[in-house]
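A.B. asks: I have a structure I would like to understand better, so I am pasting it below and will then ask my questions one at a time.
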Amino acid sequence: MQEHLVVTLDGKDYLVEPGTNLLEFIKSQDTFVPSICYNESMGPIQTCDTCTVEIDGKIERSCSTVIDRPMTVNTVNNDVKDAQKEALDRILEKHMLYCTVCDYNNGDCEIHNTMDAWGLQHQTYEYKEKPYEKDYGPFYRYDPNQCILCGRCVEACQDIEVNETIRIDWDREHPRVIWDNDVPINESSCVSCGQCATVCPCNAMMEVNMEGNAGYMTDTEPGSLAAMIDLTKKAEPGYGPLFAISDSEAEMRKERIKKTKTVCTYCGVGCSFEVWTKDREILKVQPSHDSPANKIATCVKGKFSWGHINSDQRLTKPLVRKNGEFHEVEWDEALNVIADNFTAIKEKHGPDALSFISSSKATNEESYLMQKLARQVIGTNNVDNCSRYCQAPATKGLFRTVGHGGDSGSIEDLEKAAMSVLIGTNTAEAHPVIASRMKRAQKLFGQKIHVFDIRKHEMAERADRFYQPKPGTDLAWLSAVTKYIIDHDLHDKAFIDEWVDDFDEYYKSLETFTMAFAEEATGIPESELIKFAEECAKAESVVICWAMGITQQDIGSDSSTAISNLLLVTGNYRRPGTGAYPLRGHNNVQGCSDMGSMPDKITGYQSIEADDIRAKFEKEYGVKLNPKAGKDNHEMVEGIHDGEVHSLYLYGEDTGIVDSNINFVQAAFEKLDFMVVQDEFLTFTATYADVVLPASPSLEKDGTFTNTERRIQRLYQALEPLGDSKPDWKIFQAIANRLGFDWNYKHPSEIMDEVARLTPLYAGVSYDRLEGFNSLQWPVQPDGTDEPILYLEGFNFDNGKAKLFPLSFDNYFKQDEIYDIHVNNGRLLEHFHEGNMTYQTPMIKYKVPRAFVEISPELAEDRGIHEGAEVKLISETGEAVLQVHVTDRVKGKEIYIPLNNDAMENGDLGAINLLTNSDVDQYTDTPSYKRTSCRLEVITKRGKSPLNPNNFRVNKKRQPQYSVQVQKKWERSDYVFPGNQVDK
């Protein structure tokens, strides 16, 4: 087999691998060829024609040429230069050069840079204004008069994000980008991911925050300076002086526009990007091809929802309650109050009378210090985090079967899989960038997507097959499918023999899991389950993703175990494109648990009850550690009611809204002797506190986050803390020192060094190795070697073998006669969790102003209600009043309530957890949020819709197509390929 081909480039021979993109090869040799429509994250689009070169004597586009034979390539002869100039002239016919007064003149305008690098001095075709106005959406705007029709935005929308909203109407006299069937941006199905603005090579598609703000002389139009620009063009011998002026102005901008690499503070995907700031103003968020988790993709929150950073509701001074009212105080007083109360409670009731809840929004280093504060300084293991509310059952299931509590591969593997199975995950709204990778794999590469969910969300709509089991019955069909695969000799016997223990015992436990049993339990027809089982067994590679629809059940641990059992039986571990993916909900919920903010585990999931583990930490900490596992979140609340817990310190967590059965939780808060809350805002939970400490968000500190794929990434401080707020790690250090300890960390890197010394899972992690966009996926060996795919050398048990885990099922779903409606709940794309951060961005709030309840058309008809009706939902634990959105995303007596009730403005009004109960998964104490029933009372029969009429949910209008459909451009009567004009 031929390994390399000879390519002669401008007279010099090179050995090149077959399949290499010619344009990429030319660039790799530091040879300049213009390529305005090409983007390395998207590949060839073929609209601009600027990348023409001569290949074996013929002028062709280099961007779409694959090196599949020996070639002679010329980039410099006259014919090539003439063809390139013709293409560049056509671009300037569509785009006015007013660089010095353009907000996009920041050194990265690809039109400016290309014209300058090519040496263009004059344009042949005069710029022609088009008969269109600018179109403004909430977050970005489109200027048709600057658009060169490169189609990058279309490619991004159609084939990268796969939101399928944007296209080019090539049939017009003056083609332009349109949204849906030619409606304004704000009336379209656009989900505001912002990737169109990210990839635009010029100022045609641009973030609203950039407009009029980026340059020294910019305004929203060229304005009065346009005449000067035209005069300069005519007076100067070429464009060189004009570019020199704009380059100087762009260089000046660097003095006031700061570009800082950070990691998104919302979901668990772990998107990284540069945030552009001018003073405290956030101009834009710019992802990079080097971003390891997301590449150039973002969602509306990561790209645009940064209003919380400069919100006027930010806490800037400590608050201490005096005579029932909060008063601003200096840090010294607040720290004294905390130290005095912690000391008094510990002396009176013992260390286990104090409890600590860590934040999945904070950094790894801060989570580590929170548990260190609890264990070293106070002497208790009463420390936990919000993985208790969502992901603990998934971790339990994976610990049982494969030994590591994390995704078994990378996000890339989700794209490589032949089959993706989504169970109880609203991926397109909870993890939108991951969903885009899977939608792309399905659309372009034939991946099969199977969705099991009680709600018809976007991924269910797009699925090759969609199954709607009864609530909480996934374990039944998972085990029945596994049994069928084994019974019909479809299991991977070789894989099981080499890599899996306990097969015989496990197989016996499957005896009752017949397909008939599964159909009765789940309501999914036996024939559909059989077909799924056969496809799953025969697929070359399978990944299974799951989230809160599985974990937030009273059998969440067992259902998660059943998922891993199925993957083991089919041999879908230890290979690219396979494995288990419990999609983590928060930006650092994985890392928070990794750092030991758990009652029974210290860093890296080392048992606090193990003598050798405690001895290691005791040597580092200089104190004896409590050998008894502490209380988890659920047990803390119970302990408060039982008089065992007297103090609670929590940060970055609105527990009084997000815990289940919040009437019970709030009643517990009122019983506490002393409560400390640390947050950006005076949250609903903070209103119960005795001391509230002002904390700094992610843009105001350094640190690391660990995402859902176990990827550890650095974030860099972009802004100074607002007012007297402080990073959480500095606050913990101040409290520890006020209590008599001598913590002396100067920078979070020192904290991570300590973690690495104590934690085999993070042994080789250091800030040097995480510089810039570099990342590591744990476990990380001391030499820095990481594991993007787990278990290649064996599973995380002593003998290297996985374990099949026997299960049973008696969790039939039965609807209560009185509480006859099943309440489902979860996230929305625009908001995160309770919405404390996202509601601070006005345009996010404009898109989704309040929480609501989704009701099926059949239930609405049965109760005689319509869109906008107001209803009261009543469960055994509480009641909530919400407005109705009628939609076929839910069916029958299933309803869906988003989590975002804007608690800072509305308190607990409309909060889903007024309805949830205190039932939990028996192995992890994770609340059974998804196992809630209620009855419905009608307050008003109709009203104003709770959704903005322009919200994409109201009227889906997607316009799917493949890429930019450049052939329609080529078919136009006014188009001639530039190469044809110079070919002889």
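Cβ atoms are placed via backbone N, Cα and C, with glycine included.
Since we're looking at a predicted model, the values are computed, not measured.
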A.B. asks: Swiss-Prot has Cys190, Cys193, Cys196 down as binding [4Fe-4S] cluster 3; which of Cys150, Cys157 does it also list for that site?
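C.D. replies: When Swiss-Prot describes the [4Fe-4S] cluster 3 site, the candidate it includes is Cys157.
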A.B. asks: Have a look through Cys63, Cys99, Cys200 and flag the one Swiss-Prot assigns to the [4Fe-4S] cluster 2 site that Cys147, Cys150, Cys153 belong to.
C.D. replies: Cys200
A.B. asks: Could you say whether, by DSSP, Cys299 ([4Fe-4S] cluster 4 binding site) belongs to a helix, a strand or a coil region?
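C.D. replies: It is coil.
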A.B. asks: Determine, for the [4Fe-4S] cluster 1 site, the additional residues of the same chain whose CB lies within 8 Å of the mean position of the CB atoms of His95, Cys99, Cys102, Cys109; present them in sequence order.
C.D. replies: Met96, Leu97, Tyr98, Tyr104, Asn105, Ile111, His112, Gln146, Cys202, Asn203, Ser246
A.B. asks: Do any residues of this chain, six or more beyond the ends of the domain '4Fe-4S ferredoxin-type 2' (181-211), have a C-beta under 8 angstroms from a C-beta of it, and if so which?
C.D. replies: 36-37, 39, 41-42, 95, 102-104, 109-112, 135-144, 146-148, 150, 152-153, 155-157, 160-161, 163-166, 169, 220, 281-287, 296-300, 303-304, 432, 436, 829-830, 847, 950, 952, 955-959
A.B. asks: C-alpha of His95 ([4Fe-4S] cluster 1 binding site) to C-alpha of Cys190 ([4Fe-4S] cluster 3 binding site): distance in Å?
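C.D. replies: With the alpha carbons as reference points, the distance is 25 Å.
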A.B. asks: Give me the DSSP three-state residue breakdown of the domain '4Fe-4S ferredoxin-type 2' (181-211), ordered helix, strand, coil.
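C.D. replies: Helix, strand, coil within the domain '4Fe-4S ferredoxin-type 2' (181-211): 11 helix, 4 strand, 16 coil.
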A.B. asks: Around the [4Fe-4S] cluster 3 site formed by Cys157, Cys190, Cys193, Cys196, which additional residues qualify by having Cβ within 8 Å of the site's Cβ center?
C.D. replies: Cys153, Ala156, Glu161, Asn163, Thr165, Ile166, Val191, Ser192, Gly194, Gln195
A.B. asks: Taking the centroid of the Cβ atoms of Cys37, Cys48, Cys51, Cys63 ([2Fe-2S] cluster site), which other same-chain residues have Cβ within 8 Å of it?
C.D. replies: Leu23, Pro34, Ser35, Ile36, Tyr38, Pro44, Ile45, Gln46, Thr47, Asp49, Thr50, Arg61, Cys150
A.B. asks: Can you break down the domain '4Fe-4S His(Cys)3-ligated-type' (79-119) into helix, strand and coil residue counts using DSSP?
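C.D. replies: With helix first, then strand, then coil, the domain '4Fe-4S His(Cys)3-ligated-type' (79-119) has 28 helix, 0 strand, 13 coil.
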A.B. asks: Would you mind sorting out which of Cys37, Cys48, Cys51, Cys109, Cys196, Cys200 (the binding-site residues) have a C-alpha within 10 A of the one on Cys267 ([4Fe-4S] cluster 4 binding site)?
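C.D. replies: Within 10 Å Cα-Cα: none.
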